[in-house]
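Novice: Under the heading divalent metal cation binding site, TrEMBL lists A:134, A:165, A:191, A:239. Positions annotated as Mg(2+) binding site by TrEMBL: A:450, A:528, A:604. Per TrEMBL, domain 'VOC' is recorded for A:447-596.
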């Protein structure tokens, strides 16, 4: 699959955009007109730079408001088009995107439109230019790709073809199957964009909320499957207008974009393998589906295959001074399993929940979640997949006879390690820790239930795609939770069996009064690791006896809880007494408590009863408020 | 008018919110349930604190999903309600908001709903509680205030009344005139919120995009006029869910909120004065409209009246080292009119465009726009109005015989001064500058055309209300302009005669790769002052001869300009030669050029031909791109 991206997806100057596209590995780019008009690079400079960078210049875009106009306006539009055709010749480009008219169309007549498009195609032919005609979802008279293609077919000119854009098609819920009926020679270009399903006017939706494939909710693999079956072999190019991407680091966004296309390519191949072609299609008869897929003209690369991870292998917390961490884990009931034989790290375990305390932090570094280990079938294959998806590799030193972890860096810089888990939930590498207790206590079962990571706003969508594509986690619909510093967007990524649950939180930050808009806002958000146990009340009692500092839950909460759930007074008393939180739904019950925060990390202990599948979302505002209050008090004290 | 605000509008803890409301001067507050549930303050603490702060506790809210349910659920709901009534008694509160059912309604039957509401009202009566029933715009069966009130009227219970919320009414375009037909005794509460007119699902619109009155597009004065005519005398309380407000400084947001109610009160009085009441209304016959308005039971305070400003009196730029500013102004054709007799400031003029260069900046402070002066009829009255609207006063020292400026601070900290302008466009205070040229050159006419100020994102809406209410500028529909660092939201505020044009830009900031989410993003946006002249080409030629550093416009721009406008080759050559930009529309033509940036400020010279009323918006991306490129080059050089 030939990959492309429109320069409008990225921030920066045209030069910065082109360099970033080349570094990310795109085959070609679309030149967004405004990027050229505002650039100090001449068309010849752009042509040479693209050649030097190994990028093809696939599409000049957009040319607006051409068709369905009066005769006067047609003459002006042809003059305007000719200037652009001359410019394209200097750029060495041969395809221009012409969208259906929004602003100046006054005559709704397909015969007239066809005549006008024929005139444009004639002129384009004289300049060796191909016109790719695209139906905008909000085009005044033409807003449906089938309508646009009927016009193309009617004109039947070698210099006029169709451009298919997934956003304009899927935002309107047009059926994508008829794409297969289009003659491949007449599909001049294909643009892809994903989007969250929003109920808003389609123009605003398009201009602000498009995302890269895999970051939204459109059925893009199906769209691409039909495109492939139609016989298209040209570039598949991203055209994503997004307020966040345009403000983000250009090289990073380009890599995110490339990852989305690599993933889409794989998903498209899978869709073709598992969906029978329409009857009568050339590739339909005989052989396996995969073999059939391979007979389509577009080559679709696949990636090393991984199953979803079987569980968390470990979580790692790093600090300069690890004393408080050790104390809190001990109070929670974790046991110290010794120091690593060659590294300055400690192992703490409770059942199968393993926490590594890493002492190799820079001076004065506050405790923070540094790394997560996941159990996978084959760390090598999973690592190969992640690397093909352009995950940055994390080097980790190891000595002879030590397990080598395959690791890479997630978008928020958390290190992700791929581990070979044992079927019984143990981990072989724990042998490398020898000086502490010989045998971890097996009296209680305990596992890492979930990990909650705070994501910077500009990398939130990137993180969703990253964990989806590289780690085979499934994004769930996101929730918004109230906090004293604004709504917290919370996105659960999990495996189908729930053995891995990762929560990505996009936290707001309070802008301090009087602060310059350019100065750093106060960081108000923390991350945490949650452990599931069989008997939370017993765990809490034991922790209290060991002196644990619980997050203090306000009395008002228990009164509200009682109003909502009509709880047994004895049980309510226990909850109140131990600072436990409670939730209930049709599937079961959820008990949990939190520790006070250490640096930017805190811990949660949970007990799931029945088939409760959530995270106590109704209780999240309480936690946020108490943590905010605490942080605020600390801030005041420091003044 | 009794003023109120729901705690959900503000960020922080309940305590912080209550304190901010008291400081801003609200009469009372609504307690949002979650703010209490998550608080460590007991209900008794809250009651005492409110009393100490002089705040009434006007409404407990919201109680959700009560009506239209099965018998089982009704019993549970009544139990839940009773717990809240008991809590309200501890808080000393007597009114609760009950919204129409969204989630658990299964029976659509007005008789049953009335029975269930009657049962609730009976129970409320036993606890001395009044139930204010509100139709949510997305209520499952009841989503219209008239429907909700028919139920209230049907139940006819002293403890059941209506709550009117402007958002739920105006977002659905319900007619507000029938509010007058509601018996005032049955209107238990009134909530107000404004909103921009967005085409999206009403729930998301409501939860994220509400703004304070005067910051959106709803006809709130009319809504309030009908409420006043109905005879309502209770609190008028803000309930505004807004992502930005919830993340902003609480005290500042509370003041912004209070300003919006003060302004709404005035606008409501004006609406009543200029709109005849419906025939048959008690206050309808005889006397002036204003007199009639004063006969309604709700007292509406008015503010000192000001007309829109007649023009810019001056603009002030501040810097530690003013050398480059002086050079650029001189190159533009400004003349040095001397130093102030007692202050370290210089006066530079061109026709009636006056620029003060203030040398009293802290060491190493880069040149920046510090203040703007506006010509008003009466600086004292305008200042009194601004102060009643809670504008922070700026003290400015002056000696005997010097003009005293009335000044206050705008939301972005720009100082705004109110000046007594002369009808001929001169300013009396210029006499205080004596050491330079005696007579400013009157050869050319020139004025300040517009000033463009960058607004921090968290104060953008506040700024719109500020200039609307305090300075009588009229907000225009906002535009979005592409830049290399994202879309720039651009909001024009102007007078009806266009003698004052102020542009508020909400600029994106690029998040630097690898930077911690808490660190300061690179500031990428600048502010500018634009001067209008009669002959831009001559001005540009003279400036070039004096060695001015123009913002260099790329050649690609001129080629595109020619493609779009088919310009005379000689004229196009002049534009290109002088780095001039050009725009044309049905009303006229616009020529302009920019200087290079000095610190965070640059200058623009413009010529308006015909009735051109814009700002060359199609050219803004070119300016942004070139400035970005320049800034970026500087950044690179500094590394």
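One is the number of the first residue shown, and numbering goes on along the chain from there.
Each Cβ is built from the backbone N, Cα and C atoms, and glycine gets one as well.
TrEMBL: automatically predicted annotations, no manual curation.
Could you tell me the structural context for the features on the list?
Specialist: Mapped onto three states, the DSSP output places residue A:134 (divalent metal cation binding site) in strand. Around the Cβ of residue A:134 (divalent metal cation binding site), the same chain contributes A:62, A:97, A:98, A:99, A:100, A:145, A:148, A:162, A:163, A:164, A:165, A:168, A:189, A:191, each under 8 angstroms and 6 or more positions distant in sequence.
DSSP gives residue A:450 (Mg(2+) binding site) a strand state. With a cut-off of 8 Å between CB atoms and residues at least 6 apart in sequence, the same chain places A:501, A:502, A:503, A:530, A:615 near residue A:450 (Mg(2+) binding site), listed in sequence order.
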Novice: Around the divalent metal cation site recorded as A:134, A:165, A:191, A:239, what other same-chain residues have a C-beta within 8 angstroms of the site's C-beta center?
Specialist: A:97, A:163, A:164, A:166, A:167, A:168, A:189, A:190, A:192, A:193, A:237
Novice: Whole-number Å distance between the CA of residue A:528 (Mg(2+) binding site) and the CA of residue A:239 (divalent metal cation binding site)?
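Specialist: Between the alpha carbons of residue A:528 (Mg(2+) binding site) and residue A:239 (divalent metal cation binding site) there are 36 Å.
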Novice: Between the Cα atoms of residue A:239 (divalent metal cation binding site) and residue A:604 (Mg(2+) binding site), find the distance and write it as a whole number of Å.
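Specialist: Residue A:239 (divalent metal cation binding site) and residue A:604 (Mg(2+) binding site) have their Cα atoms 42 Å apart.
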Novice: Using a Cβ cut-off under 8 Å and a sequence separation of 6 or more, which residues in the same chain sit near residue A:604 (Mg(2+) binding site)?
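Specialist: Once residues fewer than 6 apart are set aside, residue A:604 (Mg(2+) binding site) is near A:449, A:528, A:529, A:530, A:531, A:592, A:593, A:594, A:595.
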Novice: Would you mind checking how many other C-beta atoms are within 10 angstroms of the C-beta on residue A:528 (Mg(2+) binding site)?
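Specialist: The answer is 22.
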Novice: An 8 Å radius from the center of the A:450, A:528, A:604 Cβ atoms defines the neighbourhood of the Mg(2+) site; name the other residues of that chain inside it, in order.
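Specialist: In sequence order, the nearby non-listed residues are A:449, A:451, A:452, A:503, A:529, A:530, A:531, A:594, A:603, A:606.
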Novice: For the domain 'VOC' (A:447-596), what's the model's average pLDDT?
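Specialist: The average pLDDT of the model in the domain 'VOC' (A:447-596) works out to 88.
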Novice: Drop a 10 Å sphere on every Cβ of the binding-site residues A:165, A:239 and tell me which sphere holds the fewest other Cβ atoms.
Specialist: A:165
